[in-house]
């Protein structure tokens with residue numbers, strides 16, 4: 001099964017700069033630990049790489065001057081040598097202790113802030129990105145901070161600070177030693193920079209290939225049942241093998257380029273630098289300082305050229321860290337489109353009525369679904385949204401939840417414009433049961449309690465009983481403590497919908513949004529759950545999307561949507577008597593599947609389910625009518641309901657689909 005490549009191009013310069021800024025901010029935040037973590041190992045390296053060799057050089061110089069050494073003359077140098085190494089080790093251990101805490105605290109904060117950034121993204125963002133790729137990016141963003149800080153500590157600050165110390169010492173012996181060293185370093189950097197830039201492009205391609213592998217693995221594992229149902233295991237394995245082979249090829253290209261191009265250049269430059277240092281030491285060494293100066297020059301130049309030789313490895317570590325980190329920060333360059341207002345209004349609705357005023361909306365790059373839609377749902381009304389697939393029913397519920405922002409018009413709850421409210425405040429008013437209930441890989445209890453984490457066990461069990469969850473919960477291995485599996489794979493579709501309904505009951509919100517809330521239930525379960533739904537809807541404003549018309553026949557009002565327009569509305573009986581669009585839908589459903597016109601298919605929105613109406617036999621249609629009449633007696637079907645803002649008779653119009 002092929003998957004869409006959503007890894008995108010390699011991160012740009014802006015993403016890399018943002019990653020550097022975020023990592024720099026972490027170091028600044030943790031500066032009390034970061035400063036000793038960065039500097040103490042560097043000071044320890046000065047002792048090991050430069051002070052200790054300097055003592056040996058002085059001891060050798062004294063031996064050359066005196067024609068030999070005695071224990072008394074050598075002992076001060078030996079004791080100083082041991083003290084320097086011991087002090088360096090102590091500084092290293094203290095620095096490492098601080099470094100461990102910088103790494104751990106920094107990664108913790110980046111993991112948390114990275115997840116916060118993703119949670120702030122709007123729904124469209126998650127439609128356009130692989131969950132597996134996002135998981136890899138956000139985890140790499142935190143993990144690569146450790147690599148970045150360790151490379152900065154050990155390879156950069158831990159090398160450059162001692163190198164500066166060494167340059168000062170060399171200058172005290174002979175300024176030409178420093179000039180020669182700086183010249184060779186500059187020549188190496190100038191020669192290697194173009195090669196390194198070319199290698200960066202190869203690294204970007206490699207990281208993009210790795211992201212494609214990660215995304216494909218997550219996509220395949222998430223859809224394993226579909227793969228098995230179509231006997232596509234071999235096909236998926238072949239595609240995975242192709243993607244892994246592509247990433248391996250790009251990995252080798254980037255590694256070989258560093259090994260065969262960059263290192264081949266730097267290696268002879270480091271040899272020439274060592275040779276130059278010896279020649280300068282011999283040429284300019286004085287008679288009294290000759291041996292000492294030669295030993296110092298050889299040792300210090302060797303340390304410097306070791307840094308030059310490791311330059312490519314240091315760069316590889318940094319580029320790998322920053323490229324992976326930038327793959328996450330690249331996601332942050334485009335801010336969320338659905339934002340809380342700068343000065344939100346306090347939540348104070350006068351009632352729970354819902355009103356759509358001249359609403360216009362289109363998905364990005366698509367034709368508008370709604371053009372000036374007007375719809376008024378009084379507080380406490382129970383409204384069914386029906387019509388052909390693609391008419392805009394599910395989109396209407398998503399707009400009320402503010403999963404996307406409208407292009408024009410207003411949506412109000414209790415007289416308050418939802419765009420002026422905090423998203424959290426808005427959604428606290430709504431209990432939502434989606435078409436495909438989402439389950440967490442957690443216990444059955446936790447999945448129900450997700451609607452209200454502070455709920456007591458008694459409240460959770462009461463909600464479960466109302467949604468008829470207790471009937472199957474007792475059959476699970478650990479009852480309510482049973483893990484339901486990823487996306488609730490251990491539960492049937494009907495069981496997942498009952499859990500979603502239990503969430504809505506526990507939520508106890510004044511507005512209900514039910515999108516095909518009983519579509520996966522068998523007839524017996526539906527009868528049980530509908531009883532719970534009617535009790536739940538009492539005293540609440542309810543918008544219920546349904547393809548199966550018998551599900552909503554007992555609502556106070558039914559609204560027929562077609563191509564984003566309200567073409568008809570009224571009670572079930574009124575609409576049947578009108579013999580318009582709704583009556584045609586009812587007859588089609590009673591006789592078989594509801595067909596879709598070409599125009600309606602073309603206008604199908606991206607988030608709407610494209611499944612046809614479920615077929616219901618004539619007998620079921622009769623039962624649905626009886627159920628509607630009974631339900632209608634429980635709540636008024638004549639007075640309450642939906643009044644369109646435009647002056648159209650509330651029961652029907654003459655613009656039904658043909």
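Cβ coordinates are placed from backbone N, Cα and C, and glycine is handled just like the others.
Automated prediction, rather than curation, is the source of TrEMBL annotations.
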Can you dig out which of the ranges 55-73, 74-92 TrEMBL describes as transmembrane segment?
74-92
Of 132-151, 152-171, 212-231, the range TrEMBL labels transmembrane segment:
152-171
Quickly jot the same-chain residues contacting the transmembrane segment (152-171) by Cβ under 8 Å, restricted to those at least six beyond its ends, or write none.
37-39, 41-43, 45-46, 49-50, 54, 95, 99, 177-178, 181-182, 296-297, 300, 303-304, 307, 310, 313-314, 317
Which residues of the same chain, at least 6 past either end of the transmembrane segment (30-52), have a Cβ under 8 Å from a Cβ in it?
81, 84-85, 87-89, 91-92, 94-96, 98-99, 101-102, 105-106, 149, 152-154, 157-159, 161-162, 165-166, 169, 299-300, 303
